[in-house]
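**Student:** Sharing the features that Swiss-Prot gives for it:
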ACT_SITE  H38  active site
ACT_SITE  H74  active site, nucleophile
BINDING   E58, D60, D118  Mg(2+) binding site
DISULFID  C78-C84  disulfide bond
DISULFID  C80-C223  disulfide bond
SIGNAL    1-18  signal peptide
Amino acid sequence: MLLHIALILGCWSVFSEGAETDVAERADGRRPIWNMGHMVNGIWQIDQFVDLGVNSIEFDINFDKNGKPVYTYHGVPCDCFRSCLNWEYFGEFLTALRHRTTPGDKLYKEKLILFVFDMKTNSLYDNQAYQAGVNMATDIFKYYWNNGQNGGRAYFILSIPNLNHYDLIKGFRETITKKGHPELMEKVGYDFSANDNIPDVEKAYGKVGVTDHVWQSDGITNCIARGLSRVKEAVKERDSGGVINKVYIWTIDKFSSTRDALDAGVDGIMTNYPYVLNDVLKEGAYKNKFRMATYEDNPWVTFKA
């Protein structure tokens, strides 16, 4: 009897939270924006970037020859005016993320709500993608989700640099399901990050049955200028009801480029200087149209103005 009541209350809580989220989004009417700290590969940088004003961070995952994620690291070259050499062992980094996204933990950071796992799978053969997904899921389940017991609450994006590595998604999804926690996949989204043609990206998702939870990235290092034509194409596909739910751009560090990206309709801006986006969001032309996303904003729901 007590178990039955607990299950009812648990389900009510989940549906109630979703209803509150929908009401909040309708009530505000501004597009939620994810301020995405770029290349956060050291544990100490997590706190640094949150203190600088991000609600999301991106980090680079390197694999060994067997497709096992080993450490966070970008290496040379990287963005201009940044240190390229910070790194941590993957398990230790995930544990640090869990502490900072678990309510009640002494290290908890309420505003940190989304991660981007920039997976450097180009070092792998195409036929290793599935196993890489299995290995990613195994480590994330253990170190971040605490084996399914009160793990971190953040959403995250598996960002893949190669369209031929779509089976990574399948390996990840099947592993979490086999561990008896398919509900955790509600926290997981996807991105192909190599600036491929949008129709080709959609075909890759189709091969593994992905129809939602999709963020589409576009960008280049801050050392080089890049136009917004592909961003606008992705935004158009998003707004037409296609597989894309959100669009983000990287790496944007200038005030003018930040304004241009917001004008183009992006949902997220990846940056080395979070204060730039935060300052722009306070400007008269933007403060009534955009706001910083919170945990109550579902990152897999396409915003409707």
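Positions of Cβ are set from backbone N, Cα and C atoms, glycine also.
On a predicted model such as this, the values are computed, not experimentally measured, just so you know.
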**Student:** Can you tell me whether DSSP puts D60 (Mg(2+) binding site) in helix, strand or coil?
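**Tutor:** In three-state terms, D60 (Mg(2+) binding site) counts as strand.
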**Student:** Cα-Cα separation of D60 (Mg(2+) binding site) and H74 (active site, nucleophile), in Å?
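**Tutor:** Roughly 6 Å, rounded to the nearest whole number.
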**Student:** Check the Cα-Cα distances from the residue listed as 'active site, nucleophile' to the recorded positions E58, C84, D118, C223 and tell me which is shortest.
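**Tutor:** Closest by Cα distance to the residue listed as 'active site, nucleophile' among the recorded positions E58, C84, D118, C223: C84.
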**Student:** List the Cα distance (Å, whole number) between H38 (active site) and E58 (Mg(2+) binding site).
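**Tutor:** Answer for this pair: 5 Å between alpha carbons.
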**Student:** Determine, for the Mg(2+) site, the additional residues of the same chain whose CB lies within 8 Å of the mean position of the CB atoms of E58, D60, D118; present them in sequence order.
**Tutor:** H38, M39, V40, N41, F59, I61, T72, H74, V116, F117, M119, S159
**Student:** Across all protein chains in the structure, which of the disulfide-bonded residues C78, C80, C84, C223 has the highest Cβ count within 10 Å?
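**Tutor:** By the 10 Å Cβ neighbour count, C78 comes out on top.
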**Student:** Tell me, if you would, which residue among H38, H74 (active-site residues) has the fewest other CB atoms within 10 Å in the structure shown?
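**Tutor:** Ranked by other Cβ atoms within 10 Å, the active-site residues H38, H74 bottom out at H74.
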**Student:** By a simple count of other Cβ atoms within 10 Å, which of E58, D60, the binding-site residues in the record, is least packed?
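**Tutor:** Lowest Cβ count within 10 Å among the binding-site residues (E58, D60) is D60.
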**Student:** Within 10 Å of C78 (disulfide bond) (Cα to Cα), which of the recorded positions E58, D118, C223 do you find?
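**Tutor:** The recorded positions close to C78 (disulfide bond) (Cα within 10 Å), listed in sequence order, are C223.
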**Student:** Out of E58, C84, D118, which of these recorded positions is nearest C223 (disulfide bond) by C-alpha distance?
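**Tutor:** Closest by Cα distance to C223 (disulfide bond) among the recorded positions E58, C84, D118: C84.
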**Student:** Roughly how many Å lie between the Cα atoms of C84 (disulfide bond) and E58 (Mg(2+) binding site), rounded to a whole value?
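**Tutor:** About 14 Å separate the Cα atoms of these two residues.
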**Student:** Rounded to an integer, what is the Cα-Cα distance in Å between E58 (Mg(2+) binding site) and C80 (disulfide bond)?
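**Tutor:** Distance (Cα to Cα, whole Å): 17 Å.
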**Student:** Rounded to the nearest angstrom, how far is the Cα of D118 (Mg(2+) binding site) from the Cα of C80 (disulfide bond)?
**Tutor:** 19
**Student:** If you skip the near sequence neighbours and keep only those at least six away, which residues in the chain come within under 8 angstroms of D118 (Mg(2+) binding site), Cβ to Cβ?
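**Tutor:** In sequence order, the residues whose Cβ lies under 8 Å from that of D118 (Mg(2+) binding site) (at least 6 apart) are E58, F59, D60, I61, S159, P161, S193.
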